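In TrEMBL this protein carries:
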- 19-203: domain 'UmuC' (DOMAIN)
- D23, D121: Mg(2+) binding site (BINDING)
- Y28: site 'Substrate discrimination' (SITE)
- E122: active site (ACT_SITE)
Amino acid sequence: MRYGLLLFDEPKRDTSRKIIHIDMDAFYASVEVRENPSLAGKPVIIARHPKETGGRGVVATASYEARTYGIHSAMSAQKAYELCPNGVFIRPNFELYRETSKQMHNIFRRYTDKIQPLSLDEAYLDVSTNYIEQKSATIIAQAIRRDVEKELRLTCSAGVSYNKFLSKIASDFDKPNGITVIPPEKSHEFLMALPIEKFHGVGAKSVEKMHSLNIYTGQDLYKKDELDLVSHFGKMGHSLYRKVRGIDDSEVKNDREPKSIGKESTFSEDLKTENDVIKALRILSQKVMHNLKRKQKHGKIVVLKIRYENFDTITRRRSFPDYIKGEEELFQIALSIWEEETSALGVRLLGITVTGLESVIFETIPLPLWEKKATERKPDRDENQTRTDH
Ligand SMILES: [Mg+2]
């Protein structure tokens, strides 16, 4: 029995964490309506018009008005057209959605840096500890919803609970523009009443299989023993057995957005002349700038690390009012830090890091409506960014 060992674990419920799941409402469609208010109230379908594509193409998102015609994401654009010939088809502008998603994440980062995006418009946030020292995750979720609405003019739904599974289900419960809280003492009742289709991770095929096993609700699932579930659903059976008991210990995995990009070199022979140091700093600046460009990041803080032949190590940071623009500028900064801090030679290691990073795209995409606001918000973002560095 492959899962035999796990079965001996008496599952325990950890209710100590505070997890929020945020899900934007009809995200792409809402962004388009925001950009073009004359679309408000119309059935907006994010897909190229089937007449343009010869019937190919798939609906990325449908506004709530379009959904009343039975249109949903992943439906063929042709089918959507047949259901609603007067629908407004809009070719997706992913650059704009990505940009808006970044602004969303900048809001999240005011509260926590434990953020796991699931897609452009959805993320888990672990706010067990948070920057505003707020004990109530519900208050934080409401604050985020307010920030998003005020600054991005978009609505989102939030789910609040003590694990990812429950918070994800909760955010879907009162959509759009709603919040659902599942506290530990309510989770059992909530799960027992939940239709099996609503269990996150149970796909259409598994739902069919569940129904054939007479499982229609959480209550039905709860009654099945673990071995039984594992024999029918493999690994998923094991996790469902736990989930229906309100157990999901999976971590909120931090997003992979780098907070700093750096490069260091240990030299096979200690650097003995100023010229050697200059050469090394040039190469490091080049490499760091190359990586920053590749990741479309830039920052205003430069950290220089120096290790001497006796293994003494110092790191020095400098903050600047503007983003460091190119390798020459980075090199000059690194060199001046080195000159100011020490002229000692016998250098064993050098490292250059640019930190407090932000996406270049955030600064360069012209968004006339939001530009001013974005600039006004800058001190907040920088403050949080610095916090996450320490
Ligand atoms: Mg969504």
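The backbone N, Cα and C atoms fix where each Cβ goes, glycine too.
Predicted automatically and left uncurated, TrEMBL annotations should be read as such.
Everything TrEMBL records as a feature, shown here on the structure.
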residue	record	Cβ within 10 Å
D23	Mg(2+) binding site	20
Y28	site 'Substrate discrimination'	27
D121	Mg(2+) binding site	22
E122	active site	19
Three-state secondary structure, Y28 (site 'Substrate discrimination') (per DSSP): helix
Contacting recorded positions for ligand 1, chosen from D23, Y28, D121 when the Cβ sits under 6 angstroms of any of its atoms: D23, D121
